[in-house]
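If you check TrEMBL, you get these features:
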DOMAIN    39-74  domain 'EF-hand'
BINDING   Asp52, Asp54, Ser56, Phe58, Glu63  Ca(2+) 1 binding site
DOMAIN    78-109  domain 'EF-hand'
BINDING   Asp91, Asp93, Asp95, Lys97, Glu102  Ca(2+) 2 binding site
Amino acid sequence: MSLTSILSAEAIENAVKEFQAPDSFSFKKFSQLCGLTSKSPKEVKDVFQILDDDNSGFIEESELKFFLQRFVPGARTLTDAECKGFLSAADDDNDGKIGVEEFLIMVQS
């Protein structure tokens, strides 16, 4: 399964372009622009599985750095500040990683 089987390639491209500048990334706005917020819980969980690069069941800070590149190869990496902000916004149980339910809540909020 690929991200473009769930989200429109054009919407993904436009969302990634919006955040080309370092320290400009907003997960909430990115989710809206790429169409993730309008997807079903199952589709959001499918996106999570694709983003969970090591199949650990979690998205760790090291995986967040390459978040945009998972959508578009060659996209910029997230800055350390963006990764920390993303993690703190989603990590409800403070275990240092984002689980599938935390990801779903963040997309839906």
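For all residues, glycine too, the Cβ spot is worked out from N, Cα and C.
Just so you know, TrEMBL annotations never went through curation; they're auto-generated.
Positions of the features from TrEMBL, shown on the structure.
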residue : record                : Cβ contacts under 8 Å, 6 or more apart
Asp52   : Ca(2+) 1 binding site : Phe58, Ile59, Glu63
Asp54   : Ca(2+) 1 binding site : Glu60, Glu63
Ser56   : Ca(2+) 1 binding site : Lys97
Asp91   : Ca(2+) 2 binding site : Lys97, Ile98, Glu102
Asp93   : Ca(2+) 2 binding site : Gly99, Glu102
Asp95   : Ca(2+) 2 binding site : none
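Looking at the domain 'EF-hand' (39-74) alone, the prediction's average pLDDT is 96. Assigned with DSSP, the residues of the domain 'EF-hand' (39-74) fall into helix, strand and coil as follows: 20 helix, 3 strand, 13 coil. Taking the centroid of the Cβ atoms of Asp91, Asp93, Asp95, Lys97, Glu102 as the Ca(2+) 2 site, the other same-chain residues with Cβ within 8 Å of it are Phe58, Ala90, Asp92, Asn94, Gly96, Ile98, Gly99.
One way to see the shell of the Ca(2+) 1 site is to take the Cβ centroid of Asp52, Asp54, Ser56, Phe58, Glu63; the remaining same-chain residues with a Cβ within 8 Å of it are Asp53, Asn55, Gly57, Ile59, Glu60, Lys97.
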